[in-house]
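The feature transmembrane segment is assigned by Swiss-Prot to 3-23, 25-45, 60-80, 96-116, 122-142, 153-173, 178-198, 200-220, 237-257, 274-294, 323-343.
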């Protein structure tokens, strides 16, 4: 794709999200979603492979269905309330339709089937945009309508997302699918706390985006797409490989890394609201994600790939490309836990 065209498309994607973030009118929000969806399709298809075309078609059909449900919910809300403002959804049917539409856009269970397939069919750079930037707009609308959402519906979908995000990643060898299932699980953690403390959802989203951006950048740097290719990188780029392993542990929520902080604060907030069974169940299901990240780290760092020569390390390492954003992203992704007492001020 030529740079001028890419700049125009990327600016449209960003403009669509910014319209959703800044508008308090339902029609403008819907227009922002449509701008964002139509502009992201060429980015997903930039490889011009049959798999990328299939992934883009799946994404388009899912997002179009979600947009239709969203518009239906908006119209029902307009019929009953007579208002276009986002913050007020007095009708439970309209609230349910809007919630389902937004969770479908996020790829939460039971509307999660498109996320692994689409992520696997596109390039690493497109997958990075899909699993980070594309989550901001739907979550911002959920944040605004959180007082009107049915908590039981959202908690049920959140629990299903955490379960499926853990189970789905267990037998995967493709790194993009592993990150897609991890994204589904993280969406479950974000939405379970939404009706109790929306600020914690924003904090969780920020840490999730930082960790996922760092992981995708390192995968692009190493050209790693499978667990096998990742296990071959340690003797070429040992520092990068060790950073990837730390980021994976952080994504799994292992203390004392950054990914543990939002889970800790969410469990604490749920227990403050006299909920014991839900945070216990969420903590147990989070072990599924941690397990497949631990297994991936073990196969990468602690086992050697069969080789004909006896040399463990290459005599000359590959020169690392300079990525300006990577050092601060890695620091935030792995060393944010000591800042948790300061984060608790947000509550």
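Each Cβ is built from the backbone N, Cα and C atoms, and glycine gets one as well.
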*Mind checking which residues reach the transmembrane segment (200-220)? Cβ under 8 Å, same chain, six or more beyond either end.*
124-125, 127-128, 131-132, 135-136, 139, 142-143, 175, 179, 182-183, 186, 189-191, 193-194, 240, 243-244, 247-248, 250-251, 258-259, 261-262, 265-266, 269, 323, 325-326, 329-330, 332-333, 336, 343, 346-347
*Return the stretch with the most CB pairs under 8 A relative to the transmembrane segment (96-116), choosing among 25-45, 122-142, 178-198, 237-257.*
178-198
_the transmembrane segment (178-198) versus listed stretches 25-45, 237-257, 274-294: most Cβ pairs under 8 Å_ = 274-294
*Are the transmembrane segment (274-294) and the transmembrane segment (25-45) close, by which I mean at least 3 Cβ pairs under 8 Å that are 6+ residues apart in sequence?*
no
